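These features come from TrEMBL:
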| type | residues | note |
| --- | --- | --- |
| REGION | 11-34 | region 'Disordered' |
| COMPBIAS | 13-26 | compositional bias 'Basic and acidic residues' |
| REGION | 56-84 | region 'Disordered' |
| REPEAT | 253-294 | repeat 'WD' |
| REPEAT | 295-337 | repeat 'WD' |
| REPEAT | 343-377 | repeat 'WD' |
| REPEAT | 471-499 | repeat 'WD' |
Amino acid sequence: MGLSYSVINRRMSGRDQDQDPSEPHDILQSASVGEEPDLPSIVAYLIRSGQIRFISQDTGNSDDSDASSDNEFTPCTKPPPAIETQPNVKALKESDIYSSIMQSSGRWTNKLWTKQYKSITIPNFIAQRELGMKSQQQFTHGDMCVLNSKFLPNRLRKIVNYHHKKAFCGIYSEDGNVFLSACQDQNIRVYNTSNEEFKLIKSIRARDVGWSVLDTAFSPDGRYAAYSSWSDCIHLCSIYGDHDVHEALHFDPGDHSFCIFSLMFSSDNKEILGGANDGNLYVYDLESNKRTLKIDAHDDDVNTVRFADESSQILYSGGDDGLCKVWDRRTLREERPVPVGTLAGHCDGITYIDSKGDARFFVSNSKDQTLKLWDIRCFSDQTGIEETKKVVSSQRWDYRWQQVPRRMAKKRDLKGDSSVMTYRGHCILHTLIRCKFSPEAITGQRYVYTGCATGSVVVYDILSGKIVRKLEGHSSCVRDVSWHPYENTIISTSWDGTLGMSDFCDYNAQDMEPDEEEVTILSRDSPRFATKRQRIKRTRETAFPGLYD
């Protein structure tokens, strides 16, 4: 998750410093013989070696972060990036996911109805049911997804304030009754979200924290949570019960500076998968209480890992080398780690991966300011892989504190890009921003949503590639987002030290003006706000020079 400087093709991992002790001598020697010094390489080396540290503008004190972790300088990138008005959906419509989501979200069965009546309304749906046009005179799952799409979140209001301490992680449990949040104040907070509540029920003091807690995960049974930081181990703690469990799980990496950037429980609750800054994938067995697998997966930091489905046999990984890789546990060997396939197409490092849960499709967020949809049956050839490596190694900017280069604003398709669809319109800066599929139960996974460095939550329609919601309200980047599995509620976790709740509000029914601080996206069915909506539309279609250098 470190620098994008790739001139020397080694960024910030301790293993690379050990491999090339002559690196500082080579860099400085080039300057001493009269050549123009390569300043980015010098700065990159100084950061890697820990000779440059960042000072918080809020407190004036040096932080405790590792040299290669997210830094504290986080200006809010308010102007949004230019939005792609006509996304290319040709490859998407040729893919199986198009018909699959059309079916699961109810759009396929209601296609003829929408052609006749132009729009879908609740009275229309009730009329269909009463006229016997619905199977067994009841709404199908697809019908309910269509109705739910009419009530997508359209306002964002802040519900928790951590008093200027950056919030890093926030996730719902599988049943949606518990929400877990991790903040830079080293506290992990557990909230009861059942019965439309958001009540703090437990606060866990994180141990062995360097910089901050960087990732969290619920166990499948919802009884435990795991978290990681700049440490040789991750920690497992209990959510319920009178007897508190808080144990360290040692990964024994061997590196002097180590961090698990991403972790996930297996579906059988027996293993934890992790991706680390040393380029390796780790598997920890909870029954034997030891690390059972260490795989050399990427040439750089592994920023994200995911199990592909409930079998927990297929793994996805993404790293700062810009590649997404697919692994099969049944054929994986430490001594000769070979991925099943590689997916190339991003121009910069991967920040997050989320699986659709079918062991076939997944989405990835990248520092190249795009979100891509992938089909693992369409792996990239060697040409595409080499092209991605070439472009990523040529990047000479740091997403943690620099502005997005102008060249990133230009639409660019790499040779050999095997992605199904590319989504543009959000901004990835400062940290590893997450992206996820919307819940199957209420949307049929019709949408993919992501955090944004502009302080927004951006929701894309997978099938059209267009933004259907942009929920603003945070004053700094939104790092994590989590959609309630059974409700149209999204919790956003932001570096402004707050948790935001996005839900639906019918302003016409309430006959009220939306609060300026809480709401920025208005109901599209409201003629009252036509002028405001047009201004927002013009704003979206304009490229903001403040975002690009």
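Glycine is treated like the rest: Cβ placed from N, Cα and C.
Note: TrEMBL annotation is automatic and uncurated.
Long-range contacts of the repeat 'WD' (343-377) within its own chain (CB-CB distance under 8 A, at least 6 residues past either end) are made by residues 1, 4, 81, 92, 95-97, 262, 300-301, 303-311, 314, 316-326, 384-385, 387-388, 391-392, 395, 399, 404, 408-409, 412, 414, 416-424, 426-428, 431-437, 440, 445, 448, 450, 460, 462.
Remote same-chain partners of the repeat 'WD' (295-337), defined as residues 6 or more beyond its termini with a Cβ less than 8 Å from a stretch Cβ, comprise 1-2, 4, 9, 11-13, 68, 261-264, 266-268, 271, 273-282, 343-344, 346-355, 357-360, 362, 364, 366, 368, 374, 376, 379, 385, 388-389, 391-392, 432. Across the repeat 'WD' (471-499), DSSP helix (H, G, I), strand (E, B) and coil residues number 0 helix, 15 strand, 14 coil.
When the repeat 'WD' (253-294) is classified with DSSP, helix, strand and coil residues number 0 helix, 23 strand, 19 coil. Each residue in the repeat 'WD' (471-499) has a pLDDT score, and their mean in this model is 97.
Mapped onto DSSP classes, the repeat 'WD' (343-377) shows 0 helix, 19 strand, 16 coil.
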